[in-house]
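A.B. asks: My questions all concern the structure below.
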Amino acid sequence: MISEKKDIRALSKDELRSFFESIGDKAFRGTQVYDWLWNKGIHSFDDMTNLSKETRAHLSENFVINHIKVDHIQKSNDGTIKNAVKLHDDLVVESVLIPTKSRTTACVSSQVGCSLDCRFCATAKLKRMRNLNPDEIYDQVVAIDKESRLYHNKPLSNIVFMGMGEPLMNYKNVLESIEKITSEEGLGMSPKRITVSTSGVPKMIKKLADDEVKFHLAVSLHSAIQETREQIMPFAKAFTLTDLRDALEYWYSKTNRKITYEYIVWKDINDKWADIEALVTFCKYVPCKVNIIEYNPIDDGQFQQASSSIIEDYIQALEHNRIPVTVRRSRGKDIDAACGQLANKQ
Ligand code: SAH
């Protein structure tokens, strides 16, 4: 059931303080409530034990706490954990915990479904239902952090916005969630440990630069040839490589921070020398590194990973041009938790 009452977590600390003043109470009660909501992460007004019974009742008459609920957990053989997360309106998104020797990374969703139409991505088939609000994103991180402590005995070290959705199409809420994640009142994580991955929305990349964000930017490039990119990512007709290049140059001039390009090599799509050359040329525009990611097949079988010898050609060409390149192995494939496989199958 969707409640008509306002979610109390949409209020800032100042707004909470004003609320208490408006009902003839002390402003500091607002600070106490804020602390319960964000530092202690409680799910119910009844848990706010330093407030009187009447105050708690008054709050629950006026507000709700729309906390996410981890509905279902799947564990992969490689230690990856996937959460199906139920939202207050019963929609479901997924988030993933990816442990390695040196770090544990949360992969979080920013939208229910996705606004874009990448033909190789399972989430794209879901269409976008709605944007997640800042606390729904924040809650995913908190849930994964708890699991990281529980199953891997260490707190979460990194966050990537590579789950469902296009983060830059939910710009304001994504930035607000990062604000909370990095603030001392929230999780106090360094923005250097956060990466926002975009399919490449030029205007919003420029806005990130203007807003002087401190996190890392990754761009899902997949092809540096306009025509090819349009075929696999049809929205690229509107968001062209020329505009993308321009936005990335602007980003670098303002932030001085390297971009990561995510790149999948597919058979018969981008496995020719011309594709490699175009990538090398594109990589010279702005300091960057390339992350070659393994393709995780989605059901329709239209796309196939290219042979390892072609991937080796890519690596050699990039290295020859002093462009750092890494190859990312898939994690959590057996539970459909790998990149591009998030589609609420469970
Ligand atoms: N919309 C954002 C973030 C979500 S996708 C973006 O496009 O960057 C996260 C990453 O997974 C992107 O690099 C995307 O291109 C990649 N991806 C999508 N489908 C995939 C698949 N089937 N196999 C491997 N990676 C995939």
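From the backbone N, Cα and C atoms, a Cβ is placed for every residue, glycine too.
As the structure is a computational prediction, the values presented were derived from the model and not from experiment.
Feature annotation from TrEMBL assigns active site, proton acceptor to Glu94. According to TrEMBL, the feature active site, S-methylcysteine intermediate maps to Cys339. According to TrEMBL, the feature [4Fe-4S] cluster binding site maps to Cys114, Cys118, Cys121. Here TrEMBL flags Gly165, Glu166, Ser197, Ser220, Leu221, His222, Asn296 as S-adenosyl-L-methionine binding site. Per TrEMBL, domain 'Radical SAM core' is recorded for 100-334.
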A.B. asks: Looking at the recorded positions Glu94, Cys114, Cys118, Cys121, Cys339, which ones sit with their CA no more than 10 Å from the CA of Asn296 (S-adenosyl-L-methionine binding site)?
C.D. replies: Cys121, Cys339
A.B. asks: Given the recorded positions Glu94, Cys114, Cys121, Cys339, which one's Cα is the least distant from that of Gly165 (S-adenosyl-L-methionine binding site)?
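C.D. replies: Ranked by Cα distance from Gly165 (S-adenosyl-L-methionine binding site), first place goes to Cys114.
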A.B. asks: For Glu166 (S-adenosyl-L-methionine binding site), which of these recorded positions sit within 10 Å, Cα to Cα: Glu94, Cys114, Cys118, Cys121, Cys339?
C.D. replies: Cys114
A.B. asks: Go through the recorded positions Glu94, Ser220, Leu221, Asn296 and pull out the ones with a Cβ less than 6 angstroms from some atom of ligand 1.
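C.D. replies: What lies within reach of ligand 1, judged by Cβ under 6 Å, is Ser220, Asn296.
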A.B. asks: Listed S-adenosyl-L-methionine-binding residues Gly165, Glu166, Ser197, Ser220, Leu221, His222, Asn296 - what's their greatest C-alpha to C-alpha distance in Å?
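C.D. replies: If we measure all Cα pairs in Gly165, Glu166, Ser197, Ser220, Leu221, His222, Asn296, the largest is 19 Å.
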A.B. asks: For the C-alpha pair, I'd like the distance in angstrom between Cys118 ([4Fe-4S] cluster binding site) and Ser197 (S-adenosyl-L-methionine binding site), rounded off.
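C.D. replies: Per the Cα atoms, Cys118 ([4Fe-4S] cluster binding site) and Ser197 (S-adenosyl-L-methionine binding site) stand 14 Å apart.
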A.B. asks: When you measure from the Cβ of Gly165 (S-adenosyl-L-methionine binding site), how many other Cβ atoms are you left with inside 10 Å?
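C.D. replies: Taking every protein chain into account, the count is 29.
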A.B. asks: Can you tell me the CA-to-CA distance separating Glu94 (active site, proton acceptor) and Ser197 (S-adenosyl-L-methionine binding site), as a whole number of Å?
C.D. replies: 16
A.B. asks: A 10 Å Cβ contact count, applied to the recorded positions Cys114, Cys118, Cys121, Leu221, Cys339: which residue has the minimum?
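C.D. replies: Sparsest of the recorded positions Cys114, Cys118, Cys121, Leu221, Cys339 by Cβ contacts within 10 Å: Cys118.
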A.B. asks: Work out how many Å separate Ser220 (S-adenosyl-L-methionine binding site) and Cys121 ([4Fe-4S] cluster binding site) at their Cα atoms, rounded off.
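C.D. replies: Their Cα atoms are separated by 12 Å.
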A.B. asks: Counting across all protein chains present, how many other Cβ atoms fall within 10 Å of the Cβ of Glu166 (S-adenosyl-L-methionine binding site)?
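C.D. replies: Within a 10 Å radius of the Cβ of Glu166 (S-adenosyl-L-methionine binding site) lie 27 other Cβ atoms.
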A.B. asks: I'm checking region-level scores; what's the whole-number mean pLDDT for the domain 'Radical SAM core' (100-334)?
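C.D. replies: Over the domain 'Radical SAM core' (100-334), the predicted model scores a mean pLDDT of 95.
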A.B. asks: Within 10 Å of Cys121 ([4Fe-4S] cluster binding site) by C-alpha distance: pick out those among the recorded positions Leu221, His222, Cys339, and say none if nothing qualifies.
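C.D. replies: Among Leu221, His222, Cys339, the ones whose Cα sits within 10 Å of that of Cys121 ([4Fe-4S] cluster binding site) are Cys339.
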A.B. asks: Quick check for the class: what is the C-alpha distance, in angstrom and rounded, between His222 (S-adenosyl-L-methionine binding site) and Cys339 (active site, S-methylcysteine intermediate)?
C.D. replies: 14
